[in-house]
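Engineer: Below: one structure in structure tokens.
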Amino acid sequence: MNKRTGKFLTSLSALALLQTGAANAAADGVDLTFEEIVVTAQKREQRLMEVPMAITAFGGTELEQRGIDSIQDLSFAVPGLTMREDGPGSYQIFLRGIANAYGGGSLVSVYQDEVPMNLTGYDVLPTRTLDLARIEVLKGPQGTLYGQGAVAGTVRYITNDPKLDEFEGSMDATLTSVKSGDMGAEVTGVFNIPVVKDKLAVRIAATGKTGGGWQDQPEVGIEDGNDEELTNLRVKVLWQPTENLSLLGTFISYHAEYELGQGYEQPDRTVFVALDPAKTLIPKVWDYELYNLTMTYDFGGAELMSSTSYVSQDHQYPFAYRGGEETVYGGNYAGNDLRYNPGNQFTQELRLSSTGDGPFQWTLGGFYRDMERSLTAYFEYDYFGFIVEDQEYFSENTSKSHALFANASYKLTDRFEVGAGIRYFKDKASETNGFAPDSVTEKGSFDTVNPRFYLSYAISDDANLYASVGKGFRSGGFNTGGNPPFNPESLWSYEVGLKGSLADGAVYYDLAAYYTEYNDMLRRGLVFLGPELGLQQLVSNVGAAEVKGLEASINWKVTDALTFSAAGTVIDAEVTEITAEDTANVVGDPIDYVPDFSFTLGANYDFNWNADTPGFFRVDYSYRDKLPYVDLTSFPAENTPQYSDKIALLDARVGATLGQFDIEVFVQNLTNENKYIDPYHDWNNANRTRPRTIGVSVGLDF
């Protein structure tokens, strides 16, 4: 038994002792039933315990009390979920040891309601926890129902729908103070308006945020340069003309602007000087607008769903780097580039699903996507004293894909269920890229059939055992300059799990073990292309990897007032086979951005300040082991991984309810940890933890 597994099993033993305490409390006649979240991971409402896959779910109230506001917050709340961020809005999400910073698409799909939020590469539309019903993190390949990008899992943001029968609303104002940084402020409002009772309603959610930065760049007089200026508006209109038909329209507008990005190098959280410091004053801007129309019609025994979406996004971001990083040909250089990255995407999904409680449940559907994205970048750099200015690079990506899918389950007995799904997917993609005035166009077509199978057995009314196997797939893509393209990646994942409740519902647990075979894995490295071209930095399919993991989570209602939660994972991920003729990859390399061990602990205590003033106190602790990154592009090639720091974050929050008003005081990063979040130290640039942040929030419900 290795140290990581030993720690994990020790934690499970401790949780087993806690369950005994819950049983004793239940025996005393106290009702400690834990409120279980209902999820729609399989496109139908199910209790969490009934779904034959590992899921982490957070309800809207828990998201607010834990201060989960962004995908980075979520990455510390869900063990095994990690991310790489190259600046505001430019990030990739990794899950369960399937992590890869290169390739033509996402490894984890992101949905807001029925709308896919992934574009290509780094482009995952920023999504905030604004007026959410819940977040669901589905672990393991979800290629049957969620398609492209769901190689390692899916993150679902489920927003609150308009209510047809009542007016309600809320207002919240928050002030924050960042240690050695700037004050921040955020105002949020939610309004639900029934225009025609039981027929037509509108729900508006909006937020505005300013300040909260802490990065300085003294060479150009910038203080707190990563202040955030953000506005986010969502309008949902629900029309239900008949009992069987509903139409839901959604509009989302998002604007974020930052004077500096998220990257900095110095331990005191200051930013380095670029080749032309003035060019770092160009703000980083992310804008998008999203339109969606979702129609559902209940035929009686089956329900038809149609989701039509269009999104347009515009992304501007300067990039700066300085000397200190060895290049492919030796030596150091400094430089800047300014990038413009507009794009748009149209998607259409049709889905017909069975309804009712019969033993046979099924879903049939089709999906279409048409995506365009371009990148224009202007480079300047100092290479051994040789100055190059305003060199223009251009690329344009297009993708037209379609899919057909089916999913079905059948209860052979009251306790034994079998299920299977299949998805056929085809993607026609192209990329034009190169430095002006030259460019090269590449085209490719990628297709796959992704199956999934599972068995589920209810050991008792309160425990469910399952086993599943599923395939994940990511399309291939193109290198720059007409260099050889790369092929698709695929994986097979095998999982067994046990989930259920104990002590008359006071304890809910979820255990899972999985093994994944990761084939044709992509890495960026130095590839020898012959005597004329020599060594080139290319993305290529280098071989295979294996991932083995254990996961466990528990929620325990200790008393009427006290709840406790814990979750953890152990992951063993490494390269097992090398097939490419590159100069750097070796068997035994770790998979980038995968921690060996991570866990979270949380406790919430409800109490009364006085007879008329209920309150709560919550504390959350998260620990994540170091993340590796093997730089395969240095020369001569080295396989010594870079690592992020081990990170332990402690947050606390206390609140009181005074009539219609909620008042909360909170501290994030209580111990003021100053750690590297990201192991990728490209051009001496890295991300560090946000300093200790103290805040107060006042909310009004009406």
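Please read every residue number as a count from 1 along the shown chain.
Yeah, the Cβs are placed from backbone N, Cα and C, and that goes for glycine too.
According to TrEMBL, the record shows the following:
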SIGNAL    1-25  signal peptide
DOMAIN    48-154  domain 'TonB-dependent receptor plug'
DOMAIN    286-670  domain 'TonB-dependent receptor-like beta-barrel'
MOTIF     685-702  motif 'TonB C-terminal box'
Engineer: Grab the same-chain neighbours of the motif 'TonB C-terminal box' (685-702) for me: Cβ-Cβ under 8 Å, and only residues 6 or more beyond its ends, written as numbers and ranges.
Structural biologist: 85, 168-181, 184, 212, 214, 262-265, 269, 272, 321, 647, 649, 660-679
Engineer: Along the domain 'TonB-dependent receptor-like beta-barrel' (286-670), what average pLDDT does this model show?
Structural biologist: 88
Engineer: For the motif 'TonB C-terminal box' (685-702), how many residues does DSSP put in helix, in strand and in coil?
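Structural biologist: So the counts come to 0 helix, 11 strand, 7 coil.
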Engineer: According to DSSP, how is the domain 'TonB-dependent receptor plug' (48-154) divided among helix, strand and coil residues?
Structural biologist: 17 helix, 37 strand, 53 coil
